[in-house]
Amino acid sequence: MHSSLKTMAPAKLERLCVLSFFLFCATVFGTESLESLPEDKLILRGLKFYGFHGVLPEERELGGLFIVDINLWLSLKKAIESDNLADTVSFADTFRLVKKIVEGPPRNLYETVADDIASEMLETFPKINVIRVKFGKPNPSLVNSTVDFLGAELFRKRNH
């Protein structure tokens, strides 16, 4: 039987991805934080903004399209029970905060922009326990190269 990822059954591949994620979390956050990792998550995927981030003069002058994906781990129990927006983190407020940062003052490094987003999200929304931010540029123009995406992905945990 062939065991490559291309021939692996989707359910088996999904279990492998989940296991890999938990092993990653154990490495980054320590095993004790796996017990406290909330199982609820809000997802914002494919947020698109125009910004002027990067180290090249062309990036600073012409700007470019940036894509942001965000996962927010928090307890959604109260929000589910109340069906009240005040008991969760608003997608609209999250979008506005990310837009302000990405369309704001230019940064040299994508890592810095991702960290700015994660830090401000944790500061602004106390309900968030863990955040994942993926920030980058689709189809960047590199000399003699074709690349689908360049970026940085960060995980941050609230310090209680």
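Keep in mind that glycine also has a Cβ here, set from the backbone N, Cα and C atoms.
As recorded in Swiss-Prot, the features of this protein are as follows:
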type: BINDING; residues: Glu59, Phe91, Tyr110, Glu111; note: substrate binding site
type: ACT_SITE; residues: Lys137; note: active site, proton donor/acceptor
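Secondary structure from DSSP puts Lys137 (active site, proton donor/acceptor) in a beta strand.
Counting in whole angstrom, Phe91 (substrate binding site) lies 22 from the residue listed as 'active site, proton donor/acceptor' by their C-alpha atoms. When each of the binding-site residues Glu59, Glu111 is scored by how many other Cβ atoms sit within 10 Å of its Cβ, Glu111 comes out lowest. Of all the binding-site residues given, namely Glu59, Tyr110, Glu111, those whose Cα is no farther than the 10 Å limit from the Cα of Lys137 (active site, proton donor/acceptor) are Tyr110. Sequence-distant contacts (6 or more apart, same chain, Cβ under 8 Å) of Tyr110 (substrate binding site) comprise His53, Gly54, Phe135, Gly136, Lys137, Leu150, Gly151, Ala152.
Taking every pair among Glu59, Phe91, Tyr110, Glu111, the residues recorded as binding substrate, the greatest CA to CA distance is 29 Å. Neighbour counts were taken at the CB atom with a 10 A radius for the recorded positions Phe91, Lys137; the maximum falls on Lys137.
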